[in-house]
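Peer 1: My structure is below; once you've seen it, I'll send some questions.
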Amino acid sequence: NMKRGKKTDDTSADGENDAGSASAKKAKKSKEPEAPVLYVDTPDKMTSKDGRSANMKITSWNVDGLRAWVKKKGLDWVREEAPDVLCLQETKCSEKALPVEITSMPEYPHKYWAASNDKEGYSGVAMLCKTEPLKVTYGIGKEEHDKEGRVITAEFPNFYLVTAYVPNASRGLVRLDYRKTWDTDFRAYLSELDIQKPLVLCGDLNVAHQEIDLKNPKGNKKNAGFTPEEREGFSQLLEAGFVDSFRELYPDRANAYTFWTYMMNSRSKNVGWRLDYFLLSSSLLPGLCDSKIRNKAMGSDHCPITLHIAV
């Protein structure tokens, strides 16, 4: 899977952190190139606005290859975090090739996998649950979208949980037109579900919504993940009645990212993007307790995110 705009990432990441010409001008005023501004994950809030205690904990993680992630001890972190439901994206693994370490996990007796039909080692999502959902479905009911293993939906008594790995517009934006079709069809799918029961959507939505959601907005306006079309697609999701839980709670919090390219020491410099989200139907908002970015958890080029909700 092509990671977004490596070329511009390099130059913009550089300009941000190294003594390039821009910082040379600044150097007269200040001394060193600025130290990276790291994000601090504050203590979890376990009570909702309307005073209820969180009773559901959901974690989402783009693992960038499940087999490698298991080898990098990703499951140790999961056991420590101990969510009720674990959603994974970019598993890049057929069901028959899943590592025994995860298929045999007693903590999650109910496990659901969706893999790409045609391309081995591409895309793929999973959902692991402590309690059995009422019903689980795969895809969004459209042939053109459902062969890449991108969506699993679980129905629980009070809500639907949807996990998604949204198609990347790719280097050179070669898949941007496809992505626009996806955005429209996926929004319609979610709106249909939302009529029946409120929903939580989690996963790698492959877009940084606003300038605050990536380190380098200026250098990335023509790159996958920050094009006007993708940002507009996300805005339309919000207009359809869904809420970005993290921004709802932390409207001005900067330097909060969930993805860093492997190049350029981006993660240690915190030159990143917020691409992973929990969106909620607005009727679930009163029960929102916290939406966390677990930026210290290693094992992928994304970090996990966790939702606490009273539902």
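Backbone N, Cα and C define each Cβ position, glycine as well.
Pulled these from TrEMBL:
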- ASP204: active site, proton donor/acceptor (ACT_SITE)
- 42-51: compositional bias 'Basic and acidic residues' (COMPBIAS)
- 60-302: domain 'Endonuclease/exonuclease/phosphatase' (DOMAIN)
- 1-51: region 'Disordered' (REGION)
- ASN206: site 'Transition state stabilizer' (SITE)
- HIS302: site 'Interaction with DNA substrate' (SITE)
Peer 1: Let's check the environment of HIS302 (site 'Interaction with DNA substrate'): how many other CB atoms sit within 10 Å of its CB?
Peer 2: 23
Peer 1: Do you know the mean pLDDT across the domain 'Endonuclease/exonuclease/phosphatase' (60-302)?
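Peer 2: Averaged over the domain 'Endonuclease/exonuclease/phosphatase' (60-302), the predicted model reaches a pLDDT of 97.
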Peer 1: Distance between HIS302 (site 'Interaction with DNA substrate') and ASP204 (active site, proton donor/acceptor) at the Cα atoms, whole Å?
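Peer 2: Computed Cα spacing between HIS302 (site 'Interaction with DNA substrate') and ASP204 (active site, proton donor/acceptor) is 9 Å.
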